[in-house]
Each structure stands twice: as structure tokens, then as C-alpha cells.
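What TrEMBL records for this protein:
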type: DOMAIN; residues: 493-679; note: domain 'STAS'
type: REGION; residues: 551-576; note: region 'Disordered'
type: TRANSMEM; residues: 147-174; note: transmembrane segment
type: TRANSMEM; residues: 227-246; note: transmembrane segment
type: TRANSMEM; residues: 258-275; note: transmembrane segment
type: TRANSMEM; residues: 311-331; note: transmembrane segment
type: TRANSMEM; residues: 343-367; note: transmembrane segment
type: TRANSMEM; residues: 379-396; note: transmembrane segment
type: TRANSMEM; residues: 403-420; note: transmembrane segment
type: TRANSMEM; residues: 440-469; note: transmembrane segment
């Protein structure tokens, strides 16, 4: 097939002439043609062994790189990285849930708030021997684990389905300012949820919109603070912060970061067990941690209807965080991330893990950075980290029953430091982009006040509104030519750009559709420097007046014929009357009155060129307004041409019945310069002819 350089349309070429077509394309003086040889193609494509192999490698990428794994170069780094990340997983996993793989603060809060609303502690109050009612934590936690497992399975189903349907692009609706504002607000929710463990006070559970204001209730209970719990949390936070700073400062010299979280857990557990902090000082501890792997359990399907919306939000947020981090490292190390494959992989982890009462997973910035900085090169590092966690689940987990909850809260709060650094976005966005700043602020406030699920929906809706707002207020400009080139730029921004005499080249920075096409038309008329609508109105009035005059003359002529029918026609009419009769009579074709003949001002330009390079699509409304633009400028004797229109837009115009006898494809040119050259040639030929 040949892509014609002139018409930009596909034309079929017999197989025997492919070589000739290529030779013609090479010798063609016009812009180069594209010749594609389809002689070996068979349509429709049939499944083959190579296609199946390619599909298998796509869904199981480790089959491609594992046989070529460079053991000498990568194995040591992967082992060190795996142990480092596995050690980090332990305290973070215990902090977020009993059996947690890949915990992430935002996802944890989203699921935690949902479990608190659907399975509140009030449903498990028990009274023993007439005493005050207490919460049966064992039954409550079992019910919540069942709910969480159901949410995780449903989250996985959504992610796998979106991946198979090639919906990886949905993450594009989560802009970077939106994600950063959202995760910052979620970090505030995490912080507030941990304060009760830091101060050692009891607080009722509350979720849903305005749940953040429970911090007011917490402040009222500060006089009841458990001093031992507060001191424990402060000491842990200070120690973790200091060691983390040392890890950062001496990262190049240390073979692996000091696992301060794990050290803190081990030391504090030992002290708590030895001193009996729970009984002597009333410091709350984790309590029983089940060991061993749970048998697979079918999720409770009755929850699906209640948690479907939240599960979808968790699926999207978890994927957005994961793909965002993936793109950061892909850019740094020079590889490409398959967004749909990431969705499928993440979804399968959640779907299968949910049957084993696992927690919905995502990526963690801190663990990912540690894995990358300690030499992790492949998924082998993830395997090592998983083995470390597996050993902990099977044997070691039960040893941490005396671990103070304040220590876990301290670990979580310290690890939010990176999230809170995102507040610095406010100053940078203020300098760079005010709209993105507004998206960040609205997302942050909406997520704080409306909670994580409703806040996400409101934030995405607002983000899309800003896109619509920006397309409604694009930048309109008149282009001029930079001398001795075929480059055209805004005459306001470029001093060297000069308007082509008699030609107005108009450009919008956005596509045109129903929401902004009226503004496009108004801006075009305003930029042209003449009141088009007013001139058309004057022309209509002048034509109406002329028509009345002609009718009056015809009546007078008819009267004179009746009075003196024997007189010759020319003598009867008198001087000048025969000219009007010639124009108005039926024996000759009437000529169109011009602005000049009507005594109206003429535009200083004769042509308008619409630069369609930013236009990616058109709809029925924009097609209608474009027709009106052609009609209105034709009324004031100005030609309209369209340049740089894509093939897809041209096809949409054709399907929308844009073309007619008045508007033909001869009005379209591949570039602005081509249109200018054509107009200049036509004007020269017209002047020579005249």
C-alpha cells in the first residue's frame, strides 16, 4: 500500500508493483511516501505457536528474563535487597495488620475506615456478671478479617478485569498533583488514627465524612493521657528518626540500611516482657498474634454489594500508587512499564491472597527505595523478602505478643515523614501552575473532610472539571510568518513573525467541541479586527433597501408604460433607468451586489486560514458552528481555508455532512504554509488576468 504524499489517503498497489512503488517513492520530489509490503500478511490473523509464546511471556514476564538471569552480577544485590525489604516488611506489616503482605498506609486507612463502619465494636459488646460491657475483640477481629478478605478479593477482581480489558489508561485521570494531594490527606488520616495509641487513651471508632473531627474528641481526653505510653512512643520516634537520618547520610558506605524498625520492635518487646509494662504501667500491647498459614476460605459474598464502590476505589488508588512508583524507577533505569500487566499482576496478588485472609496490597515508597538502593535488580529480591516474611508468619510472629502498640504507632508515624514532605508541592506549584495547585488543594481538603472513598471521587470529578475549564479558555492567536521560512508563530509573542498581507491565520491552543466552539467563533471574529456580525447586518439592511428601490422603479416603469405605451422603451425610461432594469430584469443573470457597490466598508483582509493542528476531534455542534464561520465570512467577501487538519478530523467532518457545494475539500491544506502559497498564487493569477 502507498500513503500518497499529496492526498494523505491509502491506495492499494498490486504485489507485483511493490518494488516499483518503492522506487517511485524514493525518486519523488514531494514529501516522502510510505510503502508497506503486506504480501506476507494473511487476514484475519491466525493463532500460531509464536503468538501463544509471546502472549505467555507478556502475562508471565519472568519466563523471559529468568533463563538469562546474570547470577554473578545480580544475585548478591538481590539477596541483600530482599533481606532489607523483608526486614522492613515485618514492623510495617504488624503495624497495619496481622497477616499483611505489601502494606501501604493509604490502602490500610481506606480498608480500616470501611471495616470500622461496617463492623463496629459496638456490635460485639458483652457483659460479664452484670459488670460494664466490654468488647469481645476476638469475635470482632474475626469478623473484620472476613470483611477485609472479601474486600481484597473484590479489589483483585476489579484490577484483573481492568487489566484484561486494557484499562490501564484509567490511571491517567489521576494526575500527579491529585495523587500527591490525596496521599498527603490520607497520611493525615493515618496520623490521626494512631494518636490514640500514642497518648494511650480510648476513643470511639468513627468513619465516613467529617470523621477527621474525632481529633477534637481526642484533645478533650488528653488529660487522661497514659504517661508511660506517651514516653514510650516519643523515645521510639526519636530513635527511629535519628537512625533513619544516619542511614540516609551514610547510604554510600553502609552495605544495607540499619533495620531500626526491627531493632526497635525486638528491644521494646523484650523490655515490655521483662518489666511487664502492660500490668505495671497500663501500656497496651499487641496481644495474641496467630502463627502459621491460614487455610483458604471462600469470601463472604453477601458483603460484595456493600463494599463494591470502596473496593473499586481501593483498586484504582493501589494501582495508581504502584504505577506511579514504577514509572519513576523505569525513567531512572531506562525501561518501560506495561500498565495493563501491572494491573493484572497486582489484581492476581489481591485475588489469590484474599482467599488466605490477606490484606489488599500496593507499593510503599520507603520499601521500594530501599529495594532499589540496596542493589535489587529483579523479582528475585521480592522472593527473598517473601521468604523472610513466610518464616516470620510460621514461627516468629507469636513472639511479639508483648510488643507495645505505641511502638507500632511510632513506626507508622515516622514512616509518614516522606508523605508530609509533599506539602512542599504548594510552593512549587504556586510558581509553576496555579490550576495544578488548585487541584492539589481541593483534593487534599475533599479527602480530609469527605474521607478517602468519597474524597477520591470528588477529587477526580474536580480534576476533570479543570480540564473542561482549560479547554473552554484556551489561548487564541493570530499567526505571522517568520521571513524566509515556512514557520508561523504568534505575532504577539514573536517580534520576527509578521502577518501575511491580506491573510488572517487563526489558531486556538485547544481542540474545538461543543463546550468551547462558540468561544472559538467569537474569538476568531474579534481577532480579525472587524465586527463581522455588524457588517453582515449592515449588508442585509443595504440589500433590503436596494430591493425596495428596485421594486419602486419597476412600479414607476409599469405606470409609464400604461400612460404612453407608444413611446420607445429607452426614451421612456430616461437616463440611467435602463441600467437598473438590466440588473433587475429577468433576461440576464443578476450579479451579486458587493460591499463596495453597497457603499459599505470592506475588510482589510481577503482570506482567513484556520490552523487545525491542535484539533484532535470535532462533534456535531462544532461542525455546525464551522459551517456558520464559512458562511459569515463568505458574506463579507472573505475566503476561509483550513490547514493542518488530521485525517481523523477530516473523516469526522465528512461523516458530519460538513462538505457541500459551498464548502469543498479544496478549502483544506496539509499545512499553513501550503495554504499561504496557494492564496498568493491565486491572487497573482487574478491580478494578471485583470
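Just so you know, glycine gets a Cβ as well, placed from its N, Cα and C.
Remote same-chain residues near the transmembrane segment (311-331) are listed as 104, 106-107, 110-111, 151, 154-156, 158-159, 162, 168, 170-171, 174, 176, 179, 182-183, 337, 339, 342-343, 346-347, 350, 360-363, 365, 368, 372, 452-453, 456-457 (criterion: CB distance under 8 Å, separation of at least six residues from the stretch ends). Comparing 258-275, 403-420, 440-469 for CB pairs under 8 angstroms to the transmembrane segment (343-367), the maximum falls on 403-420. Counting Cβ pairs under 8 Å that are 6 or more residues apart, the transmembrane segment (440-469) and the transmembrane segment (227-246) reach fewer than 3 and are not in contact. The transmembrane segment (403-420) and the transmembrane segment (227-246) are in contact, since at least 3 Cβ pairs between them lie under 8 Å (pairs 6 or more apart in sequence).
Looking only at the domain 'STAS' (493-679), the predicted model's pLDDT averages out at 85.
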